[in-house]
Each structure stands twice: as structure tokens, then as C-alpha cells.
């Protein structure tokens with residue numbers, strides 16, 4: 001039987017904001033599910049969206065798994081740079097798999113409901129792998145900094161123990177951020193609506209729907225944002241400031257070009273990841289349409305992980321040669 005709160009939310013979805021009083025809270029059961037907005041209500045558009053996102057998901061899986069397989073199977077790529085790249089590919093696959101399969105199933109079944117526990121789980125993994133992506137990009141920037149600014153000590157500094165420690169710390173910090181965020185959301189007992197204006201359980205959307213005072217929660221969220229966003233970006237900026245300063249001091253144009261080319265792929269991925277994320281944030285702040293914001297967020301949740309393998313493979317001769325060797329072994 002549907003509880004009173006769920007019934008009221010169902011009857012007044014999208015046009016009524018309702019929060020229980022202190023007395024009513026005692027007789028109201030927590031909501032059992034949310035409803036995701038999706039990208040379009042046009043039924044004729046659903047098969048196209050299904051085919052498009054299924055194709056993008058398969059390309060993302062195949063591209064990133066191919067990078068992982070290539071790096072792990074070729075001894076020429078057993079270096080710190082490619083170690084971080086394979087971990088980034090694994091994080092990208094996990095990041096996309098957090099949201100995209102659910103959206104594909106929703107399009108096919110025309111059912112956009114997600115359980116309360118399912119929503120929290122999706123949100124936790126979204127924060128975990130999103131933060132992990134960010135921290136791994138920072139570790140890769142540090143690797144490039146050591147390679148260009150301290151080339152004679154590169155092998156000594158970037159030893160396997162340090163590389164493993166950097167990845168371990170990235171996972172540990174990401175878990176901390178995810179659990180800290182979860183602890184904030186679990187305190188939100190009642191919501192103004194069960195409709196989430198997104199195609200997945202976006203953390204900011206849940207906070208916007210909360211009935212309780214979210215001042216303290218917002219402070220915690222800003223702290224989480226600083227850990228997962230500001231600190232990694234600061235580390236990347238500092239690394240590239242040192243890299244550019246070192247390159248400009250090189251006497252030969254050939255040396256400058258070679259040094260810049262080793263950073264080209266990573267810098268492209270950094271600009272794509274943070275640039276699209278910032279673009280989505282700014283567009284959602286300016287646009288009054290939640291659906292436009294949801295469509296824009298596809299760029300960093302789906303498109304960026306899909307393009308990363310192509311960016312690294314197209315600009316990297318070592319990856320290309322390793323892929324050809326792997327292909328010849330397979331055939």
C-alpha cells in the first residue's frame with residue numbers, strides 16, 4: 001500500500017512543494033523511490049536515444065578495456081605514465097557504468113523509477129569514480145612534471161612503490177569523499193518532491209529537494225568539492241606551471257616540441273574533463289531548464305570517458321605500436 005507521503009508526492013509532482021511538519025513527521029514513512037526526469041519525453045525519440053547511448057557505452061567499454069589490455073600485455077609500456085593511464089581507463093569505465101546502463105534500461109523499459117537505496121548507491125559510486133578520475137589526472141600531471149623537470153632522477157623518483165602509493169591514496173581519498181557525501185545525504189529524511197531533474201541521481205539535485213535546512217550540509221559539500229575538485233586542479237596547474245617554465249628554458253626547438261608532445265594527450269584530457277564539467281556548471285547556473293542541464297552533463301559523464309582512449313591512442317606512437325603487436329598476436 002502506498003504511504004501518505006508517496007501518495008501526496010505522486011498527486012502533486014512537478015507543481016507542488018510539500019514538506020511535513022514536526023507532528024506529521026511521526027506518521028509519515030520515508031519515500032521508497034525517486035523518479036528520474038530523463039532526456040526526452042518524446043516516444044518517437046526513445047529508439048534513437050537507446051541506440052545512440054548503447055553505442056556510446058560499448059565504444060567506451062571497448063576503447064578503455066583495449067587500453068588496459070594493451071598496457072598490461074606489452075612490456076614496453078610498463079612505465080609509470082602507462083600505469084596511471086590504465087588505472088584512469090579503469091576509472092573511466094567504472095564512472096560511465098555508474099549512470100549509463102541505468103539510463104539505457106530506463107529508455108528501453110520506459111520506467112524511470114529508481115529505489116531510494118539504488119539512488120544512494122548510484123550517487124556513491126558516481127562520487128567515488130568521479131573523484132578518482134580527478135586525482136588520477138593529478139598523479140599523471142605529477143608524473144609528467146618529474147619526467148620533464150627532473151629527467152635524470154625520473155626512474156628513481158617514480159619507482160613502482162611510489163606509483164602504487166599514489167593510486168592507493170587516490171582510491172582512499174575518493175572513498176573518503178564518497179562516504180562523507182553519503183553521510184550528508186543520509187541525514188536528509190524528507191524531500192519536497194520525488195522527481196529528480198536529471199537522468200541519474202545527481203548529488204546536487206538531492207540537496208535541492210531536501211526539506212531540512214541544508215546550510216551545514218552545503219558547508220560539507222563545499223569541503224567535498226574542495227577535496228575532489230579544487231585541490232586536484234591546483235596540483236595540475238602547479239605541475240604544468242613548472243613544466244612550461246622548464247620547457248621555455250630549453251635551448252633547442254626540437255627539445256621543446258618533444259617535451260610538449262609528451263604532455264599533449266594528458267593536457268587534452270584534463271581540458272576535456274574539467275572544461276566540460278565547468279561548462280555544465282555554468283550552463284546550469286544560467287539556464288532555467290533542468291533538462292538542458294541534464295543534456296549538457298552527458299558531455300562529461302559519457303563523452304569524455306569515451307574520447308579518452310582515442311586521445312591517447314591517436315597522439316601516442318607507443319600505444320599505436322603496442323596495439324598493432326597485440327593485434328598480430330591475436331590474429
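Each position is counted from 1, following the chain as shown.
Glycine residues also receive a Cβ, built from the backbone N, Cα and C atoms like all the rest.
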#### Entry: 219-239, 240-260 - the range that Swiss-Prot marks as transmembrane segment
219-239
#### Entry: The annotated transmembrane segment range in Swiss-Prot, which must be one of 15-35, 120-140
120-140
### Message
Is it the case that residue 292 shares a side of the membrane with residue 105, at least as far as the topological domain names in Swiss-Prot go?
### Response
yes
### Message
Can you identify, from 189-209, 294-314, the stretch that Swiss-Prot calls transmembrane segment?
### Response
294-314
### Query
Taking contact to mean three or more C-beta pairs under 8 angstroms, with sequence separation of 6 or more, is the transmembrane segment (120-140) in contact with the transmembrane segment (219-239)?
yes
### Query
How many of the residues that make up the topological domain 'Cytoplasmic' (315-331) does DSSP mark as helix, as strand and as coil?
15 helix, 0 strand, 2 coil
### Query
Taking the Cβ of residue 201 (disulfide bond) as reference, which residues of that chain separated by at least 6 in sequence fall under 8 Å from it?
34, 36, 114, 119, 120, 122, 123, 126
### Query
Under a three-state reduction of DSSP output, how is residue 119 (disulfide bond) classified: helix, strand, or coil?
helix
### Task
Decide whether the stretches the transmembrane segment (48-68) and the transmembrane segment (219-239) have at least 3 CB pairs under 8 angstroms, with pairs required to be 6 or more apart in sequence.
no
### Query
So, by DSSP, how many helix, strand and coil residues make up the topological domain 'Cytoplasmic' (240-266)?
23 helix, 0 strand, 4 coil
